[in-house]
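Undergrad: Got a structure for you, questions after.
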Amino acid sequence: MSRMAEQQLYIHGGYTSATSGRTFETINPANGNVLATVQAAGREDVDRAVKSAQQGQKIWAAMTAMERSRILRRAVDILRERNDELAKLETLDTGKAYSETSTVDIVTGADVLEYYAGLIPALEGSQIPLRETSFVYTRREPLGVVAGIGAWNYPIQIALWKSAPALAAGNAMIFKPSEVTPLTALKLAEIYSEAGLPDGVFNVLPGVGAETGQYLTDHPGIAKVSFTGGVASGKKVMANSAASSLKEVTMELGGKSPLIVFDDADLDLAADITMMANFFSSGQVCTNGTRVFVPTKCKAAFEQKILARVERIRAGDVFDPQTNFGPLVSFPHRDNVLRYIAKGIEEGARVLCGGDVLKGDSFDNGAWVAPTVFTDCSDDMTIVREEIFGPVMSILTYESEDEVIRRANDTDYGLAAGIVTADLNLAHRVIHQLEAGICWINTWGESPAEMPVGGYKHSGIGRENGVMTLQSYTQVKSIQVEMAKFQSIF
């Protein structure tokens, strides 16, 4: 693909040049080619976007619930019509295989938008009788202008997960995509405008997180920040949001999730689940189950089943329908993952497979890392303690149920957890003791629109998806009505 035209900001229904004068490049990680130069939003651009959003939000919130619902449903239709085009752009920008982006990223994002479009008319207050002459009623009102700050691993899906409930509740959103993968968020802005969203209700500001993101979290005109990213960045976003104007926050942060295989499990099923929990999206999924706990007596057999399935991984041309494994999202990220692999070897973990870059003409110019499985791991190893966010699995052994629960919970993270067992009594007993916000039994990874998604401990605050997220983009106003004569004590 030839280099794209320079990408601008999207403010008030159209493209506009950044006043900052700064730019950055977005790279195709499969081959190292520059896709586009992208303009970076500065402080003045954030001010412009906030003013635009404030104007548009008043128009949007004044529309009836059904009018807003119809516009969002129209956007869903356009997303589905343009699925292949958007998936190709997402593949170029992220490096993910087209077989994945064409069936998951836009599809699931559109599902979430459709879900919230359907919930809009059900967003209602309540009536509370006090006595014969007085009652209270409540209204759920939009927050106003909110900010979404996205991660690089699911660019358009995250933009939809954040914008769908925000817009459904009557807010306007200013969205800052990751500077690593900014392209499809701009296309989403076009689609919202085409669907009839009033100008300013969805503005997109590409830029560097440490600058553009901080301008958003500092801005007094922003009522809430929804952030997806790492724990360290999340803490800064939360601190800035509180210090500036006590903004509400939703944080979807990192994870180091446990996947527990019990001794009664079908090992073929367990191996299939483990592969998806570690190597889907080349391991760049925040919920990945990278700490795989296996009974000691099952370890050897389980390892053989994993190795057999690693042979089925097909890396190569990311647009080949048979490819199911792409490069990492960037060269700096690849280098960071390789440092973790080297650390695992240094600390005594045994490499079962992988452990290096992929080599060959198809891989030499890209950010490719081989699917890597470590075994003979211990809980104190760096690769077991820290989030790697790449195709790196750690196999650990255990002897008892109590032991594995304790070790699974021995982490600052609490995003996800899963177990594989034929005993549903055991499944529920263990799941109820695991300290994680998203749990799976005999499956892994699905996050439907109806399912609240978020973490315990350092893995996040608040939830995305589900009914409660729509409510989190509103504020409750309580109104008391008195029909009898008011009595004053003065």
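Keep in mind that glycine also has a Cβ here, set from the backbone N, Cα and C atoms.
Checked Swiss-Prot, it gives:
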BINDING   Thr26, Ile27, Asp93, Val180  K(+) 1 binding site
SITE      Glu248  site 'Seems to be a necessary countercharge to the potassium cations'
ACT_SITE  Glu252  active site, proton acceptor
MOD_RES   Cys286  cysteine sulfenic acid (-SOH)
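Could you tell me the structural context for the features on the list?
TA: Long-range Cβ neighbours of Thr26 (K(+) 1 binding site) (same chain, at least 6 residues apart, Cβ-Cβ under 8 Å): Gln7, Val34, Leu35, Ala36, Val38, Asp93, Glu179, Val180, Thr181, Pro182, Leu183.
In the structure as shown, the Cβ atom of Glu248 (site 'Seems to be a necessary countercharge to the potassium cations') sits within 10 Å of 18 other Cβ atoms. Under the DSSP three-state reduction, Glu248 (site 'Seems to be a necessary countercharge to the potassium cations') is assigned to strand.
In this view, Glu252 (active site, proton acceptor) is surrounded by 27 other Cβ atoms within 10 Å of its Cβ, with every protein chain counted.
In this view, Cys286 (cysteine sulfenic acid (-SOH)) is surrounded by 25 other Cβ atoms within 10 Å of its Cβ, with every protein chain counted.
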Undergrad: Whole-number Å only: compute the distance from the Cα of Ile27 (K(+) 1 binding site) to the Cα of Cys286 (cysteine sulfenic acid (-SOH)).
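TA: Checking the Cα atoms of Ile27 (K(+) 1 binding site) and Cys286 (cysteine sulfenic acid (-SOH)) gives a distance of 22 Å.
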Undergrad: Other than Thr26, Ile27, Asp93, Val180, which residues of the same chain sit close to K(+) 1? List them in sequence order, counting a residue when its Cβ is within 8 Å of the Cβ centroid of the site.
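TA: The answer, listed by sequence position, is Glu25, Asn28, Pro29, Leu35, Thr94, Trp152, Glu179, Thr181, Pro182, Leu183, Val329, Ser330.
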Undergrad: Compute the C-alpha separation of Glu252 (active site, proton acceptor) from Cys286 (cysteine sulfenic acid (-SOH)), stating it in Å without decimals.
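TA: Each residue's Cα considered, Glu252 (active site, proton acceptor) and Cys286 (cysteine sulfenic acid (-SOH)) end up 9 Å apart.
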